[in-house]
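Enquirer: Have a look at this one.
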Amino acid sequence: MVIKILLIISIILQLGAASVAIGMIQKTKYNLSWMLFTVALTGLACLRFGEYVQMTHMEELHLPQEFFVWLGIITSLCFAGGILIVNKIFNYIARTESQRRISERRILNTVLRTEEKERQRFSKDLHDGLGPLLSSAKMSVSALNSADMSEQNKEIIRNVNYVVDEAIRSLREISANLSPHVLNDFGLSRAISNFINKLPRGEMRIVFETNLKNERFDTDIEVILYRVVCELINNSLKHSGAARVDLSLHYQQGQIRIRYKDNGCGFDPDKVGQKGMGISNIFSRISSLKGEVSIDSSPGAGMRAAVDIHI
């Protein structure tokens with residue numbers, strides 16, 4: 001008796017599932033896999049009904065054995081066909097997602113390369129255009145005969161010389177930051193050391209450790225890692241109030257590893273997110289190299305960053 005009740009419940013549930021599936025055929029835009037599943041669910045309901053007929057010995061509704069065999073075959077084929085089609089759909093979605101990520105990475109690489117080319121062009125224009133003008137101005141001021149000048153005019157000349165010298169120095173710094181010639185000529189380690197040495201003394205101590213000597217990498221890798229390190233250091237200078245930064249750059253077994261740590265005020269990553277302090281730039285740049293980056297921080301505990309790039 002219990003088996004009969006369970007069988008009736010099973011028939012009702014499967015008929016309900018089949019009716020719901022039939023009602024959703026139009027919503028799925030007559031998707032073939034869904035139609036096959038609908039037929040299979042209907043077939044299962046019919047099989048359960050046939051089993052109920054045999055169990056209750058309803059002779060007037062006697063069904064031949066071949067009916068159950070063919071119904072089972074059709075149901076199995078519908079399920080198998082539906083699963084195969086769904087599998088193809090999922091494979092197509094996976095391929096589309098993979099192509100989307102590749103396209104996004106290509107677009108990002110193009111944007112970064114374009115940005116770097118614009119930096120180089122702007123740096124060259126500054127150096128070749130404004131640089132000679134400032135040098136000419138300095139030479140003209142220096143050529144003035146100050147012997148017959150009053151002390152007031154001499155002071156003005158000295159101030160002009162100082163301002164021109166500061167302008168030339170600032171121009172060189174801006175040009176170097178836009179397109180670091182040391183990076184192009186001597187590589188990543190030397191460029192980072194040069195950047196650190198040019199920072200104002202006394203504000204923050206930076207301990208830089210590396211095992212790189214004369215190793216050179218792809219230009220994109222060197223430029224992006226240099227920008228990332230500069231971004232991290234500038235963040236510590238501007239936002240953290242750190243007194244010390246520990247920076248390591250190692251290359252081993254085809255992998256570049258950067259580890260960065262400061263003892264500043266730290267921040268809440270959930271509140272800052274990837275939009276603040278140039279963090280989004282760091283993630284996007286490393287993503288363009290198919291690398292891995294993690295940034296960990298909490299208020300009062302400083303900030304730690306890890307970057308891994310596979311060559």
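Glycine too: its Cβ is placed from the backbone N, Cα and C atoms.
TrEMBL does not curate its annotations; it predicts them automatically.
So TrEMBL lists the following for this protein:
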type	residues	note
TRANSMEM	6-25	transmembrane segment
TRANSMEM	32-50	transmembrane segment
TRANSMEM	70-90	transmembrane segment
DOMAIN	225-311	domain 'Histidine kinase'
Enquirer: Please give the average pLDDT for the domain 'Histidine kinase' (225-311) in this predicted model.
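Expert: Overall, the domain 'Histidine kinase' (225-311) comes to a mean pLDDT of 86.
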Enquirer: What are the DSSP helix, strand and coil residue counts for the domain 'Histidine kinase' (225-311)?
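Expert: Within the domain 'Histidine kinase' (225-311) the tally stands at 30 helix, 31 strand, 26 coil.
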